[in-house]
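One structure is given below, encoded as C-alpha cells.
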Amino acid sequence: MDTLVSFGQLFLGGFQTPTLGFLLGGMFMAAMGSRLSIPDQVYKFIVFVLLMKIGLRGGMEIRNANLAELLLPAFFAVLIGIIIVYGGKVALSKLPGIRPVDAIATAGLFGAVSASTFAAAMLHLDDIGMEYEAWVSALYPFMDITALVLAIVLARLVTQKEDKANDKEAPKHKRKDINIQAIVVDSLRGSALSALILGLLLGLLTKPEPVYESFYNPVFRGFLSILMVIMGIEAWQRLSELRRVAHWYAVYAVIAPLMHGAIAFGFGAIAHHLTGFSPGGVVLLAILAASSSDISGPPTLRAGIPTANPSAFIGSSTSIGTPICIAIGIPLFTELAKVVF
Amino acid sequence: MDTLVSFGQLFLGGFQTPTLGFLLGGMFMAAMGSRLSIPDQVYKFIVFVLLMKIGLRGGMEIRNANLAELLLPAFFAVLIGIIIVYGGKVALSKLPGIRPVDAIATAGLFGAVSASTFAAAMLHLDDIGMEYEAWVSALYPFMDITALVLAIVLARLVTQKEDKANDKEAPKHKRKDINIQAIVVDSLRGSALSALILGLLLGLLTKPEPVYESFYNPVFRGFLSILMVIMGIEAWQRLSELRRVAHWYAVYAVIAPLMHGAIAFGFGAIAHHLTGFSPGGVVLLAILAASSSDISGPPTLRAGIPTANPSAFIGSSTSIGTPICIAIGIPLFTELAKVVF
Amino acid sequence: MDTLVSFGQLFLGGFQTPTLGFLLGGMFMAAMGSRLSIPDQVYKFIVFVLLMKIGLRGGMEIRNANLAELLLPAFFAVLIGIIIVYGGKVALSKLPGIRPVDAIATAGLFGAVSASTFAAAMLHLDDIGMEYEAWVSALYPFMDITALVLAIVLARLVTQKEDKANDKEAPKHKRKDINIQAIVVDSLRGSALSALILGLLLGLLTKPEPVYESFYNPVFRGFLSILMVIMGIEAWQRLSELRRVAHWYAVYAVIAPLMHGAIAFGFGAIAHHLTGFSPGGVVLLAILAASSSDISGPPTLRAGIPTANPSAFIGSSTSIGTPICIAIGIPLFTELAKVVF
C-alpha cells in the first residue's frame, strides 16, 4: 500500500520532471496548432551529441570494468530482442485488419531501442542517485540490431511465401537470398549506432575526460530537453496518421512498452541474482526493451521492409509507445527496482 | 548636467558592451562586403533557446509572484500597442509617397515586439544589477499580439474601403469578415510566441531548474551575441532595400523607437506610482515598446497584409529601428530610470 | 636519444589526445562505411564559433601587447607563404603527370592556413602549458592571403602563357589584367577570415570577457572535437578522389606539411633570437605553415583557378596533409621547441 502511494506520488511528480515536462510540452504545443519546430539539422546534431556523450561515458568507465559481467546481460538483450519481435509478430498478426508485414515492422520497431528514451532514463537514475554499470550503454546494439535484423528477415520470409503463393511460376532470380550479415553491418553503419560506437571507442581508447567534462556532459541535459520537445511535437503529428490505420496498433502501443519492460526486468532480475547486475542496470535493461526506436529504426525498417505501411509502425511507436515509455515506464521500473531489490 | 555627462559616458561605454558590439560588428562586416553568414537553421535554434530561456525564468519566478500586480502593466501593454499602431498609421499616412497599407504594416511591425532586443535589455539589467519583476516577459504577448492584430484589421478595413471605391458592384463574397479571434490564435501559434509560451508553461508547471542552470542560462549570453551578429548583417543588407522606398520610412524608423519607448516609460511610471512596478520593469516595458518585431512579426504581416511592401516595413524596422533601439534605447531608458525613480 | 624516446612516447600518447582521437575516429567510421555525418549548417556554425573564439581571445590580449613585436613574425608569415607556394609550384611541376595549374593550386592550398588545425595546436599548447603571444592568431591572414593570392596570380600567368602559345592571334580582350587588390579583398571577405577578423575587432574594441568566459571558451574544446570528427570523415571520403589523380600528390601531401613546418620553425627561431618571439609562438607559426586550408581555401581556389582539378588539390590536402599535420606536425614541433629553446 505504501508502495502504491509512493508510486502514485512519484508518478504525479514525474509530470514535473523536466524531461517528461518537455515531452508533454511539445505535444501540447503541437496539439494547439503551434508552428513551433526545431530545424532538422539541429535535431541531428543534438542526437549526435547525446549519443557521443552516452558512448564516451560508457567507454571511459568500461576501461576499469570487468567485462565478463557484460556477457549475461548482453545475451539477455539479444534474447529480449527476439522475444519482442517474434511475440509481437504472432500477437499482432492475429488481430483483425493487420497485415503480416505491418505486424512484423511494428514489432521490429518496438524491439529496437530509442537512444533518447535511454538517455532520459540514464538522466533520471543519475538524478535520483541510483547506480548502474558503466557498460550498460554497450547493451544497446545487442537488442537493437537483433530486433531490426529479425524483423527484416521475418518480413522477407513472409513476402517470399506470398510471392510463391501468388505466382507459382515466378522467375527464380526474384527469390533473393537473405543476407543476415549485410543487415547487421548496415544497422551498425546507421547514424545512431555509429555515433554511439564512435563515443565508446573514443572513451575506451583516448582520454576524452577534458572534452567530456567541458562540453558533452554539461550540454546533455539541455540537449535532451530540446530533443524531448521535438519528440513531443512529432508524437502529436503522427497521431493523425495513426488514426488512419487499424485501432489495434494503438492498443499494442499502449501495452507493449510496459510488457516488454516487465519481461526485461525479469531477465535483469535473473542477472542480478546470478552475476550481481545492479538494480540501476536492471532498470536500464527494462527501458531498452520498453523503448521503441525513433532515430535509426524507422529508416532502417522502411528500407528493409518496403511493403510495410510506415503510418502504422512509426505512428504507433512515436505517438504512443515513446510517450508511454517515458511517462510511465521510467518511473514504474525505477520504483519497482527500489521495492524488489 | 551630471546626468548628461553620465549618460554620455554610458552611451560611449555602450559601444563597448558586447551585445551592441556584436550588432555593430555584424553591420560592419556586411558593410565591408564580407560573406560571413550564420546558417538559417542555427538562427532558428538560437532564437528558440533564447525564448525558452526567457520563458523558463519567467515561469519559474511567476510561481511565487503576486499576479494581481501584472494586471495594470498588461493593460498598459495592450494600450501602448494600440497607440503605437494607430498613431503610426495616422502619422505615416500623412507623409508623401506612403500608401495607407504600407503605413499600417510599418506601424504594426514597430508596435510588435523583438524577442532579441528584449533579451539584450534583460541581459543589460542583469549585468548592472537593476531588478525587475519575474513576470515582465509575460507582458510580451499582450503588446505584440495587440499590435499585429490591430494592424491586420486596420489594413483589411482600408483595403475593403478601396475595393468598394474602385468597384461599386463588387461581388459580396469578396468582402470577407474580419475574424479577430483567428488572427489572435494565429499569432499565438507563431514560432516565437510559441517558444516563449512553452518556456513559461514549463517554468510554471515543471521543475526545470537543473536544465535551466546547466544549459539555458549558461548559453544565453553566447547565443545572444551570435544573434546580434546575424541581426547586424541583416540590418545592413536590408538598408539597400530601404533606399528604394520613400525616405520618410527612415525618418520614422529613427524617431519611432525612442518615442514609443518614452510613451511606454510614461505608462510604466504611472504603474510604478500606483502599484509599485519596479524601475527595471519600467525599463523593460519601454524596450518592449521601443523594439520592433524581427522574428515572427515580418512573416505574420506579410501573410496578413499581402498588399503591403515588405521592403518598406521590414527594411525600416530591421536596418534602422532595431539598431537604434539597442544602441540608444536600452542605455537611454536605463539611465532615465536611474534618474527618475 | 632521450629526446627520441620522449618524442616516441609523446607520439604514441598523441593518439590518445582527444583532438587526434576524434580525427582518427571520424576516419575510422568513414572507412567502416558508416553513414555518420554532421549536418553542413552545424559544421558552419561550429567553424564560426571556433574562429570567433580564437579572434576574441587574440583581440582581448592584443590590447596590452606590444604590437611592434608582431612585425617580424608577420613579415616572416608572408615570406613563408611565398616560399611554400613558389617552391611547391616548382617542385610539383617537375613531377610526371602533374599539370602546372594543378601544381600551383595544390601548393596554394598547402600554403594557406587551416583554422581547425590551428585551433587544435592552440588547445594542445594550452593543455601542456606552453605560452605564446596573444597576437599569434593575427599572423593567420598574413600567410593565408599571401599564399592564396600568389597561387591565383601564378595560375593566371601560366594560363595566359598557354593561351598565347595555343593561339597567337588570340583576341586581346581575353588577356585580363590581374587585379591583385581584388583577390586580397575577396580573401578577406571569405567566411573564415571574416569570422576571425570580427572576433579580433570585437576583442580589441569591446569588452567581451563575460560572453567569452560563459560561452566561447567553454564550448571550444567540444566544438573542436566535433570538427575533428567531420574532418576525419571528409579525409577518408576524399581519399577515393585522390586515387584517381597522379600518385605524386600523395607523396607531396605527406612531405609538405613537415617540410613547411620545419621552414617556418627556422624562421620562428630567428624571430626568437632577434625579438624574443616565444617558443609557443614558434610552434604556432610552424603549424600555420604546416597546415593546409580546409574551409575558405578550397572554394577560393576553385573560383580563382577554375582550370585546376579540385580532386587533386583538395584531395591531397584534406585526406593526407591535414591528418599528417595534426597527428605528426603538432607533437613534433612542440617537442622540437622544448628541445631547441
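Cβ coordinates are placed from backbone N, Cα and C, and glycine is handled just like the others.
Per TrEMBL, transmembrane segment is recorded for B:6-30 (among others).
The annotation transmembrane segment is assigned in TrEMBL to B:42-60 (among others). Here the transmembrane segment (B:42-60) has Cβ contacts under 8 Å with residues 115-116, 118-119, 122, 134-138, 191-192, 195-205, 208-209, 212, 216-217, 219-220, 223-224, 226-227, 230, 295 of the same chain, all six or more residues outside its ends.
Taken from TrEMBL, the feature transmembrane segment covers B:72-92 (among others).
Proximity of distant same-chain residues to the transmembrane segment (B:104-125), defined by a Cβ-Cβ separation under 8 Å and at least 6 residues beyond the stretch ends, is recorded for 17, 19-20, 47, 50-51, 53-54, 80-81, 84-89, 92, 131-132, 137, 140, 143-144, 146-148, 150-152, 154-155, 158, 192, 196, 220-221, 224, 227-228, 231, 249, 252-253, 256-257, 260, 280, 283-284, 287-288, 290-298, 300-301, 305, 308-309, 312-314, 316-317, 321-322, 325-326, 329-331, 334. According to TrEMBL, the transmembrane segment annotation covers B:104-125 (among others).
The feature transmembrane segment is assigned by TrEMBL to B:137-159 (among others).
Annotated transmembrane segment per TrEMBL: B:180-206 (among others), in sequence order.
The transmembrane segment feature in TrEMBL is assigned to B:218-236 (among others). Residues of the same chain lying 6 or more positions beyond the ends of the transmembrane segment (B:218-236) and with a Cβ under 8 Å from any Cβ of it are 18-20, 22-31, 36-38, 42-43, 46-47, 49-50, 53, 116, 119-120, 123, 294, 318-320, 322-323, 326.
Within the chain carrying the transmembrane segment (B:248-271), a Cβ under 8 angstroms from the stretch's Cβ atoms is held by residues 72-73, 76, 79-80, 83-84, 88, 91-92, 95-98, 106, 110-111, 242, 277, 281-283, 285-292, 312, 315-317, 319-321, 324-325, 328-329, 332-333, 336-337, 340-341, all 6 or more beyond its ends. Annotation source TrEMBL lists transmembrane segment at B:248-271 (among others).
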Intrachain neighbours beyond the transmembrane segment (B:180-206), with Cβ under 8 angstroms and 6 or more residues off its ends: 44, 47-48, 51-63, 115, 137-138, 140-141, 144-145, 148-149, 152-153, 212, 295-296, 299-300, 304
Intrachain neighbours beyond the transmembrane segment (B:72-92), with Cβ under 8 angstroms and 6 or more residues off its ends: 98, 100, 102-104, 106-108, 110-111, 136, 138-139, 142-147, 150-151, 154, 248, 252, 256, 260, 263-264, 267-268, 270-271, 274-275, 277, 281, 285, 288-289
